[in-house]
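Chemist: The structure under discussion is supplied below as structure tokens; questions concerning it will follow.
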Amino acid sequence: MDSRVSSTTSNGETKPVCPGMEKAEEAGGLQRGHWNNKMEFVLSVAGEIIGLGNVWRFPYLCYKNGGGAFFIPYLIFLFTCGIPVFLLETALGQYTSQGGITAWRKICPIFEGIGYASQTIVILLNIYYIIVLAWALFYLFSSFTIDLPWGSCRHDWNTEHCVEFQRASSSVNLSSENATSPVIEFWERRVLKISDGIQHLGALRWELALCLLLAWVICYFCIWKGVKSTGKVVYFTATFPYLMLVVLLIRGVTLPGAAQGIQFYLYPNLTRLWDPQVWMDAGTQIFFSFAICLGCLTALGSYNKYHNNCYRDCIALCFLNSGTSFVAGFAIFSILGFMSQEQGVPISEVAESGPGLAFIAYPRAVVMLPFSPLWACCFFFMVVLLGLDSQFVCVESLVTALVDMYPGVFRKKNRREVLILGVSVTSFLVGLVMLTEGGMYVFQLFDYYAASGTCLLFVAIFESLCVAWAYGAGRFYDNIEDMIGPSMAADDGKVAVPKDGPSVVSWVPEEGEKLDQEGKDQVKDRGQWSNKMEFVLSVAGEIIGLGNVWRFPYLCYKNGGGAFFFPYFIFFFTCGIPVFFLEVALGQYTSQGSVTAWRKICPLLQGIGLASVVIEAYLNVYYIIILSWALFYLFSSFTSELPWTACTHSWNTEHCMDFPNRSAAGAAAPPVNFTSPVMEFWERRVLGISSGIHDLGALRWELALCLLLAWVVCYFCIWKGVKSTGKVVYFTATFPYLMLVILLIRGITLPGAYEGIIYYLKPDLLRLKDPQVWMDAGTQIFFSFAICQGCLTALGSYNKYHNNCYRDSIALCFLNSATSFVAGFVVFSILGFMSQEQGVPISEVAESAPSGPQFVCVECLVTASVDMFPRQLRKSGRRELLILAIVVLCYLIGLFLVTEGGMYIFQLFDYYACSGTCLLFLSVFEVICIGWVYGADRFYDNVEDMIGYRPWPLVKISWLFLTPGLCLATFLFSLSKYTPLRYNNVYVYPAWGYFIGWLLAGSSMSCVPLFVVVALLKTQGSFRKV
């Protein structure tokens, strides 16, 4: 096309011609270089645009300009200015393979001044932006103390006006006109030693100068080898701040007063939209946070490969930037809400922006937190990393522009490194002026004028005019299409820029256009485990869960101690191993999920797979609620004093009684209605439990956030199928064993541990006469082995055909039972200690609770769905979307379980929907299907074809006789001994509650007979044809 100035490389790739570059290459100059992969480019841009402005500017602007109402102008500027100009600069760099000056020279020489203007701004940024890093490093080093130096007025830099007022209740002389806080005095008198004006620069602050030198040394070595070094460094500098942000967010939202702070942040005030300043703040924030008009995006894009899809990258990065800003607001304003409550002042008095937030407001809040040095280190380390990659990318932008202007000079061995050194040294020396006692005034001049929103907006106008009118929007559009293909116009929607129109960009889908079908109809392979260990660890992670830790030990103690092992091992060998092996082998043989596997071997009993998927769906909804509770307790544990150990909190009642050592408290009996602080924390703080299922009450938003976090983690554990699951389980399936060993060692060394273990193992053979003992043994086997849930079939389906699944199954079953046995020592050694300390029988402290897995459950459901509809779901991106849909749907339904009455719904799911009755029912049909309908010998032949030999005959005998007989007997007994659910053995559900419970249970079990009936009715001919 005549609008492109391009040439063809030796490998056939089209790229634009740059005369200067050709001369450099002819002179033997070094190649310009490319990113090694897309991730390096994405992380580099993310590191540049996601910086301090996201943390300290956006939340303040949102609060100041109408809370949630501020998103209206912000999103308007995002879609009409932010994304269009962001794409313009990135695409310009990628198309021209030039830096921030020569890129403009190439497409429109008369507007080359745009490049000079952007690099002038970058030069000024390089000088003053890194000063913030020097301050942050100073604070970071000052945080490595037991008592933070800005937490008190006892230092030599404090004045007589310094007043410590961490809490309003302990404040003194707050009304004094000249009173200052130790935080402000540390900032102004210790860090800055600020003079009375710019006319008095004063002495150099040598400590800050050393911090600045350290910042420049780090920055230099991050970019001294160009994209080769930058592309590696950003893997840490662009990602680790997110970890810090998540840590601070979790800590923030669990603080008292956090809800009020977040409300101040987001509460919408639509009347503020009439103020033009709100719209100006939205526009300047977009330009600031997106690093627009600085030449950085052009420089980074210039190292992309020519056919990289920069359009998709830009969209993703813009949304990532805005999303980070939004989330950062929760972290910041939860802390500010905490400060406001602790000091008893309006939040408007503690809310600040810019350096005032980072070096005054947040340090003041940190002092009030337990383990304040830890939180100070986390915050300032995050500030350093956020600023560092923004800084070295700015330097990289300037260096790229200079090298591309004079390639014959600088694109030679070591010349580039010397240039970076020259830029760094010069900027360091000039920056020393800002580290004098009057340097803060110089810094403010740079920040307010040199790199202001006014400058950026001015440059943005000329950028848009140059591309849209001088060069031609349609022509540039053709250039982008040449790089990324027609997807921008056909697949992803069209950027509505007129051929000769202005650069206001919006997303408008083209009607009547169809997706390019080439390559779309090809169905992807299912995938396989990379090695046996991934399969073994995935199954181990699925079957070894909470039930091993808190259900088996309790059942063992309750049902005769050591005598319980007798019925347990009978079910273990006759039901556990045979059905476990059956499901794994079925998946491996058919290479199908839990529904289509049964369809392949016996279409009439396909309802078995559907029933297991229904149970799995219920598990996905309710089991993860336990993880949200666990996360809540985990976050609540990051305090010097655990919140469930005392009765001094706002959620405690007058019946709360501390009894850490009742045996030493005297013989006086406790009040009749007394409760422990642990119980009140659980029911009143965590659950906020209502009076019954009829009163669901309000949503527990803290639990909702924990549930959201659990689902996010779950999603990213499986979003790439076995590729991601197989890697995650190396940690999730092994680390709990380390914790178990630590707890075991600690438990057995506690006083009273021996008595607890005796309670756990002491045999009572008379209990074997009770049929309930045998029922508990059978249901525990089915629960802990994840039988009849479809998970084992799904995981086995990713095995290689000749994998020895028989040996794997036996090993995993023994591992599961051994883990349960060892966990009993951990649990009952602790219970023995509690019993001795409280002076009560162990029966009063021993309790049980629900059990089950999570992300493998989701993987099972996804595998079943994909295998049922492979042409629709086994395509690029479809599987991820399916997982996302399941996650979102389960999360939304799960919100009902984190309301004040949600515990009653949870108990219904646990007692009915995924009960042992359902699992026993399905197991009967599974073994009948394999043993009698498909044929035990026939399936044995299939197994022999896979592993090379026939398994132990007891397995086949179990399939034919023992397993169906025992499971059917236990199932019928469970029905005859049915007792209606009661919460805490006290609350009786209404009749409609029990109806819902049985409806949940029947929805899975009815799948088997209903599918048989439907299949018989739909199929013509004899029974054999079905």
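From the backbone N, Cα and C atoms, a Cβ is placed for every residue, glycine too.
The Na(+) binding site annotation in TrEMBL covers G541, N548, S784, N816. Per TrEMBL, compositional bias 'Polar residues' is recorded for 1-13. According to TrEMBL, the feature disulfide bond maps to C647-C656. Among the features that TrEMBL reports, region 'Disordered' is placed at 1-20. TrEMBL lists 41-59, 113-141, 315-339, 448-471, 565-586, 701-722, 734-761, 781-798, 810-831, 881-899, 954-975, 995-1017 (among others) with the feature transmembrane segment.
Tell me about the setting of these features in this model.
Modeler: The Cβ neighbour count for S784 (Na(+) binding site), using a 10 Å radius over every protein chain in view, is 24.
The DSSP secondary structure for C656 (disulfide bond) is strand.
Taking Cβ pairs closer than 8 Å, the transmembrane segment (315-339) reaches residues 42, 45-46, 49-50, 53-56, 58-60, 62-63, 74, 78, 82-83, 86-87, 242, 245, 248-249, 252-253, 255-266, 289-290, 347, 350-351, 357, 361-362, 364-365, 368 in its own chain, all 6 or more past its ends.
Within the same chain, residues 250, 253-254, 259, 527-530, 534, 538, 624-625, 627-629, 631-632, 635, 686, 728, 732, 798, 854-855, 858-859, 862, 879-880, 883-884, 887, 890-891, 894-895, 898 sit at least 6 positions outside the transmembrane segment (701-722) and bring their C-beta atoms closer than 8 Å to a C-beta of that stretch.
Beyond the transmembrane segment (781-798), the same-chain residues lying 6 or more positions past its ends with a Cβ under 8 Å from any Cβ of the stretch are 526-529, 535, 538-539, 542-545, 547-548, 551-552, 568, 571-572, 575-576, 579-580, 583-588, 590-595, 597, 609, 612-613, 615-616, 619, 722, 805, 813, 816-817, 820, 851-853, 856-857, 859-861, 863-864, 867, 916, 918-920, 922-923, 926.
Sequence-distant contacts of the transmembrane segment (881-899) (same chain, at least 6 residues past either end, Cβ-Cβ under 8 Å): 617, 620-622, 624-625, 628, 690, 696-700, 703-704, 707-708, 711, 714-715, 718-719, 858, 861-862, 865-866, 873, 905-906, 909.
Through the fold, the transmembrane segment (995-1017) approaches residues 603-608, 610-612, 614-615, 618, 908-909, 911-913, 915, 917-918, 921-922, 925, 981, 989, 1023, 1026 of its own chain, all at least 6 residues removed from its boundaries and within a Cβ separation under 8 Å.
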Chemist: Note down the number of other Cβ atoms within 10 Å of the Cβ of N816 (Na(+) binding site), including every protein chain shown.
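Modeler: The answer is 26 other Cβ atoms.
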Chemist: Compare 448-471, 734-761, 810-831, 954-975 by their Cβ pairs under 8 Å to the transmembrane segment (565-586) and return the stretch that comes out on top.
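Modeler: That would be 954-975.
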Chemist: Looking only at C647, C656, which of these disulfide-bonded residues has the biggest number of Cβ atoms within 10 Å around its Cβ?
Modeler: C656
Chemist: If you measure N816 (Na(+) binding site) to C656 (disulfide bond) at Cα, how many Å is it?
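Modeler: A Cα-Cα distance of 39 Å.
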Chemist: List, by number or range, the same-chain residues at least 6 past the transmembrane segment (448-471) whose CB is under 8 A from its CB atoms?
Modeler: 81, 84-85, 88-89, 92, 104, 107-108, 110-111, 113-114, 117-118, 121, 124-125, 128, 280, 283-284, 287-288, 292-294, 497, 500-503
Chemist: Compute the centroid of the Cβ atoms of G541, N548, S784, N816, then list the same-chain residues not in that set whose Cβ lies within 8 Å of it, in sequence order, for the Na(+) site.
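Modeler: Neighbours found: A540, E542, I543, I544, G545, G547, F785, A786, L815, T819, S820.
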Chemist: Which bits of the chain, at least 6 residues beyond where the transmembrane segment (954-975) starts or stops, bring a Cβ under 8 A of a Cβ in it?
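Modeler: Residues 570-571, 573-575, 577-579, 581-582, 771, 774-775, 778-779, 916-917, 920-921, 923-924, 927-928, 930-932, 936-937, 939-940 contact the transmembrane segment (954-975) from elsewhere in the chain.
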Chemist: With C656 (disulfide bond) as the reference Cα, tell me which of the binding-site residues G541, N548, S784 is the closest one.
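Modeler: So, spelling it out, the nearest of the binding-site residues is N548.
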Chemist: Which of the three DSSP-derived classes (helix, strand, coil) applies to N548 (Na(+) binding site)?
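Modeler: DSSP assigns N548 (Na(+) binding site) to helix.
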Chemist: Across all chains shown, how many C-beta atoms besides its own are within 10 angstroms of the C-beta of G541 (Na(+) binding site)?
Modeler: 24
